[in-house]
Amino acid sequence: MDVNQLQKRFIDYTTTLVQEGFLDDQFNQLQQLQDESNPDFVFEVVSVFFQDTDRLLNELGKTLELQNVDFKKVDAHVHQLKGSSSSIGAQKVRNVCIAFRNCCEEQNIEGSLRCLQQVKHEYSLVKNKLEYLFSLEQQILAAGGSIPTWNE
Amino acid sequence: MNTLSGFPVADRRRSWGGFKTLNKEDPLSPQTFSTSELINLIVSVEDTGVGIPFEAQSRVFTPFMQVGPSISRIHGGTGIGLSISKCLVSLMKGEIGFVSEPHIGSTFTFTAVFSSGHSNSDEYKKKQISKQPKFVSSEFQGLKALVVDSRLVRAKVTRYHFQRLGIHVEVASDLNQAISCLTSVTPTINMVLVEKEAWEKDTELSDLFVVELRKYENSDPLKLFILANSIISSKTSAAKSACYTPIVIMKPLRASMLAASLQRAMGVGNKRVFRNGGLHLQSLENLLHGRQILVVDDNKVNLKVAAGALKKYGAKVECVDSGKKAIELLEPPHQFDACFMDIQMPEIDGFEATKRIREKEHNINEHVIQATHEECLKYGMDGYVSKPFEDNGRWFSGMHCDARLLSVLPNRRPHGCQTGEELMCIAWVAVSDC
């Protein structure tokens, strides 16, 4: 595939992700922050998001397995996840976090466990899609092209 | 009480009662009438402060005199402000006077003579045009707003701001009147703005109002805004109801932020156009370039995004992930021009951190800080911005160039149809993004 096709695919793919609700406008905003002085910005931010989320999901799993669930702790973790998913535009993940926090408020263990499953699911979906997007980026750069920007 | 604040004020007419320039009957007094070249301006500043004790009033313009030794200890200053003002006013061929009532407030008035700016009218016009902020206000032209406010003077100020955007304003003094307005007023209302006072007065009434609002809406959803100068109590039951979360617009109203809030809420116009042609990105670059900014957030992702956004405009950013580290770095003297601080952090939260930082800077006695505002004003914060950060000019629109710490207010958006982003508390930058 030549550079132009790759670039088109990149744009189409990002657009689809936004249309399908996986990503929201915040992700576009992040892409706009990327420039020559900060060429890997989006990749770096998303990488931190992946690391952070892996850690949080792990903690959440442990906390919810205990005999006496400490919902304050659970809520604190979900709050973090909500914040970071919001910051990168991972809309579906963030939306599950909102429901998750409601479960915490109600001290609902079953609901919380369901939410945890859901958030893990949404996270793995968006992670796969973002990883694919980054691989497209790599291909574009390797072919000598530049990543399309969103300043319409 | 027909004043902007709603509180009684000292009668300003007594502040200029002795002015020679206004006394037409005295044949010996120098009269400075306004002519086409010279303009005699009168400026009056009215406050609702503690006032000046009567026995101290005679020496108010004397250099180095303050009301008592406690003033300089609490408020600082050396007591020469008014004597300097008097000299300046005299050099500007004017007069200065005041009226003050203890526990009510003071009103100071002065006159000064200025030469007309229209003498170089072409140059003047050119300057005006280049300074014109590029508000994308034409998209609001013809819209209609209903403002609910019991205070006439304050409602006037609100109306002024809306009319600047081309929006026609109807005023109702309370929610009951507003409900009858909804049904009787034509053409149809596009948005409703309720003063916080009116909104919180009676939660049943505000609930009823929301119900009426839903009945009123047909095809175009009606946007509801609360006008507040401090955080809305989260107990507002209407706020919790699923689909009608009122958006808060912070006062004092600023044209650019108002336009931005309305645009965002109403989705008016082409979003892309706004982003590029909205607030002057160049002035944002000017404002931030080379500034040293500290970002404080326990969430690493948020830190990275905030840093990226600020660096885009040329700022030098340092990131820390705790209130404790922020306090260490902001120990005077330090090189930072501004600090963006999250409120919700474990151990030392944003409020506590700011309070401690302020204490180190000003050595302020906690009792002196007026507890008339909300929680975070008490701790010395003065502005807020919502996360996630967005790379568009409007979120810096409230920034002031001097290094004053501005107040910060948290605004936890309730769950519902709107996204529940957490708000960051900022010292030094007032930004609102509902």
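Glycine too: its Cβ is placed from the backbone N, Cα and C atoms.
If you look up TrEMBL, you'll see A:38-140 marked as domain 'HPt'. Summarising the annotation, TrEMBL assigns phosphohistidine to A:HIS79.
According to DSSP, A:HIS79 (phosphohistidine) sits within a helical segment. Residues near A:HIS79 (phosphohistidine) in space but far in sequence (CB under 8 A, at least 6 apart, same chain), listed by position: A:CYS97, A:ARG101. Residue counts for the domain 'HPt' (A:38-140) under DSSP, helix first, then strand, then coil, are 90 helix, 2 strand, 11 coil.
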